[in-house]
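The block underneath contains the structure these notes are about, expressed in structure tokens.
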Amino acid sequence: MLKAQISKVVAGQHLSEAEAAEAMDIIMAGEATPAQIAAFLTALRLKGEMVDEITGFARSMRRRAIPLTTSHPVFVDTCGTGGDGRQTFNISTTAAFVVAGAGVAVAKHGNRSVSSRCGSADMLEALGIKVDLPPDAVARCLDEVGMAFLFAPVFHGAMKYAAGPRREIGIRTAFNLLGPLTNPAGAPCQLVGVYDPDLTETVAAVLGRLGSRRAYVVHGSDGLDEVTITGPSKITCLDKGAIRTYTFTPEDVGLPRANLADLAGGTATDNAAIARAVLSGTRGPARDVVLINAAFALLAAGAADTLQQALALAESSIDSGAAAAKLQAMVAWVESWAA
């Protein structure tokens, strides 16, 4: 069923948005074989995914997702693409608790590890949070706690057809890009880390097409799909349809530079320990990189007018104990639901 699309992409031709949506519909309906899915994803990766193609894929997945509604008028997602291969701790997931502690609701979309040792779901489980709650419970958690984890397989059941081929080919594919673009709650504000600097404008353009209000799409010069503190980061801002790109350095907000080794992660247990330490107020590079990523997420949500103000909010979230309290509140809520 996917043969025509494979042939076109292998020939180096781009799919229209409608053609891309049709291809994803075929995959999500279970009408493509694992070999066809793997061939299609690999050919796309070699050609390079275009704005129309990614938009079509995202619209198809959004149509099939279980929607989540919330009472929060403003909320943010910190889901990135993953796939940067740098094996850091879970920076954006830790930052999500800092954002929530600062008073901005977070609908964190995520999954288990695909290419790293520990995905966001893996770390949250190590922190004591059951991740595969049904959608109605996730919605209540978001409304009552101000933070929830939207586990992709629960909301995007049809993704199961691509899971095997993705795992077996072991390379970054269009699906890495689709995580941040298919939040089931339709997060209007986002911080999106991408694994390739050439993707920041592309992903920002797709988010604009999909109706995002404000987003920061970021890539660290060290290869991180995060705002880094080891050197400059490429930042592409989408704000009410307008897109601009600039360079950020840690010195811009008075943060010291660090080495990539200072941000290293490990197993889910290791990463959970790092997250707990950061949220408890331990100072150092891990805290600094979490702070700056939380600051950009707070800026995306409109919680501050400047990055410096947003950074101060993030610092206060940790130092007041609010970020750690948000983690404990989420653990307690999920435990009470499961009891």
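Cβ from N, Cα, C; glycine included.
Copied over from Swiss-Prot:
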BINDING   Gly80, Asn111  anthranilate 1 binding site
BINDING   Gly80, 83-84, Thr88, 90-93, 108-116, Ser120  5-phospho-alpha-D-ribose 1-diphosphate binding site
BINDING   Ser92, Glu226  Mg(2+) 1 binding site
BINDING   Arg166  anthranilate 2 binding site
BINDING   Asp225, Glu226  Mg(2+) 2 binding site
Out of these binding-site residues, Thr88, Ser92, Asn111, which one has the fewest other C-beta atoms within 10 Å of its own C-beta? Asn111
When the Cα-Cα distance from Arg166 (anthranilate 2 binding site) is computed for each of the binding-site residues Gly80, Ser92, His109, Arg112, Asp225, which gives the smallest value? Arg112
Are there any residues at least 6 positions away along the chain from His109 (5-phospho-alpha-D-ribose 1-diphosphate binding site) with a Cβ closer than 8 Å to its Cβ? List them or say none. Asp77, Cys79, Leu150, Ala152, Gly179, Pro180, Thr182, Asn183, Pro184, Ala187
Which of the three DSSP states, helix, strand or coil, fits Asp225 (Mg(2+) 2 binding site)? coil
List the Cα distance (Å, whole number) between Gly80 (anthranilate 1 binding site) and Ser92 (5-phospho-alpha-D-ribose 1-diphosphate binding site). 8
Glu226 (Mg(2+) 1 binding site), Cβ-centred 10 Å count of other Cβ atoms over all protein chains shown, is 29
